[in-house]
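Annotation comment: TrEMBL describes 1-390 as domain 'Major facilitator superfamily (MFS) profile'. The transmembrane segment annotation in TrEMBL covers 42-63, 75-93, 99-121, 133-156, 162-183, 211-232, 244-263, 275-296, 302-322, 334-352, 358-379.
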């Protein structure tokens, strides 16, 4: 049974989605200060970014199926308490090893709680309504990575880097309190409890849902390719300033938001599966512009800029639709499905992003080839999609057959 989604619930869900990216981006301006204070190097401290991403994915694999068994609210509160403990301990870290350990604890809590957000959306909405809700929350959560570095910079100037972690702990406490206030306490699985492994097996065995895993993984990979290489390409290769790189980020974010709003409007007339074909084609166009520029006009920086802009903007129309379509296949195991979806996205994107950073040492052309291949893989999965006539979860369809 679905119930109406209040503005408060929408903001709450957006805050859960945003807490992970905020915890990463808010402390990036503090990396040199942290390294100097604990007697380490900036590169060693920067490893905590990747450490957070992979541990967050592992946390999702725990929190998703746990929320199916124990209820969304209980798992969110538990995850946020773990996040708070990790954040407060990070604010008192005196060595790089302590930083690594407590960063793992913090990321684990973020993953355990964060994976409950798409599961809750699956609980309260379906079809186009779910796609619109994912799209709206995606718009809100895009603001977090955009403003987090600025907030982190302000905190460092007013206090010091330790207050960045204290601030995210306060944010997590706010999320936990709102979980108690807004999330129904009785959303736990009835009947026999399915083991974690069996839940994951059921999700992965659903062939119709697999293309959405591919599309989302490839879309996140595009974002990671840009994040991993934008500084090396824009600043080191072409000699642009840090301020210009900030403008590029703003342009990509603006395009992402524009496509996000366009998708919300188009959902009034088209199904999410149909729109995914168009937005993934837009990503292919971006990858093609990037590659053609490197093959025929290697000195033309603007072709790289336009290629990234097209591909990054298209993500605004993809992410909400893939979330809604994938989650529509799962009812009882929505938490396990959200865990698989989120972990796949994070791990796939991080690995491809890391590969792109390594091959940038060879040149920009291999990065352009990799991005177009990623775009084509996502597009080839989208063109084979078929709109579902109904929204019956796979577990119910299986039971009925």
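The backbone N, Cα and C atoms fix where each Cβ goes, and this holds for glycine too.
TrEMBL entries are annotated by machine, without manual review.
Pairs of Cβ atoms less than 8 Å apart link the transmembrane segment (211-232) most often to 334-352, out of 75-93, 99-121, 133-156, 302-322, 334-352. With respect to Cβ pairs under 8 Å, the transmembrane segment (275-296) is most closely packed against 302-322, considering the stretches 42-63, 75-93, 244-263, 302-322. If you look at the transmembrane segment (42-63) against the transmembrane segment (302-322), you find fewer than three C-beta pairs under 8 angstroms, all six or more positions apart, and that falls short of contact.
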